[in-house]
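A.B. asks: Got a structure for you, questions after.
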Amino acid sequence: MAVNDSVNILNSAYLAVEYIDSFLPDNPLQQPFKNAWNYMLDNYTKFQIATWGSLLVHEASYFLLCVPGFIFQFIPYMQKYKIQPDKPETWEKQWKCFKTLIFNHFFIQLPLICGTYYFTEYFNIPYEWEEMPRWYVLLAQCFGCAVIEDAWHYFLHRLLHHKRIYKYIHKVHHEFVSPFGMQAEYAHPLETLILGAGFFIGIVVFCNHVVLLWAWVICRLMETIDVHSGYDIPLNPLHLVPFYAGARFHDFHHMNFIGNYASTFTWWDRIFGTDSQFIAYKEKEKKQQLRMKKTN
């Protein structure tokens, strides 16, 4: 009975969104996107689309999303939003990070990306324009992927902090006490495989089109680069996402090494009490700010 009620609620929500969508003006980008998509299908094989298309989406998204944070270090005005202003980025650290990223991207991630075609074939994931989900379905699927990945990340990330294995794998990612955007995927190859596995679970559960794979890549990179940016920017649209952790939450993890293990949302740390030191730290910050206001 409860299952039927849940299904009815979801169906009603879907119909409500479809009804609202029918009143929205036509998207002027839809036709050019459709033409480009069909051109891609007509001129490239599924293997080329799944492999080189996925690589292009990942690399372009990753480095383009890193650009704002990279530029911020040269803008004095933005320094007031830097979470750890006493630990600026250095060229030496950024160059070291970049070299490791290139190695991981092309020697660890590329072989995995080469399996994307076989992944889509095994699960019968379509490529055709006619099978593409509506924007609100795609958005909901990406959110579902984020919820699943966040749960995987919390428990496996916490395991990687165990004293018996931390120094062998996860210590690499913690070389930078004050993170910066490009450092988001700076990790030991084993960590890339272990934590990266959570990315694909949601795809297996929700994926009904290859476009979700690419949309989820972009969403996941947007989130992980944001939380590693080192800047708590006001009016950040990602803060509109319910229970979103954000840069300040994850920055504390790099600064403190303990707690705040989740990747995207705050609920797992709240449930298991692993955000207690972060909460105490925020309270201490508030008291310091109040004292400063009184003295001024």
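From the backbone N, Cα and C atoms, a Cβ is placed for every residue, glycine too.
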A.B. asks: Taking 32-38, 186-192, 249-255 as the choices, which stretch does Swiss-Prot tie to motif 'Histidine box-3'?
C.D. replies: 249-255
A.B. asks: Can you say which of 57-61, 157-161, 222-226 is given as motif 'Histidine box-1' in Swiss-Prot?
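C.D. replies: Per Swiss-Prot, the stretch marked motif 'Histidine box-1' is 157-161.
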A.B. asks: Looking only at the motif 'Histidine box-2' (170-174), how are its residues distributed among DSSP helix, strand and coil?
C.D. replies: 5 helix, 0 strand, 0 coil
A.B. asks: For the domain 'Fatty acid hydroxylase' (145-274), how many residues does DSSP put in helix, in strand and in coil?
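C.D. replies: Going through the domain 'Fatty acid hydroxylase' (145-274) residue by residue, I get 87 helix, 3 strand, 40 coil.
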A.B. asks: What parts of the chain pack near the transmembrane segment (55-75), using Cβ distances under 8 Å and only residues at least 6 beyond its ends?
C.D. replies: 81-82, 88-89, 94, 105, 109-110, 113, 180-182, 184-185, 214, 217-218, 221-222, 225, 229-231
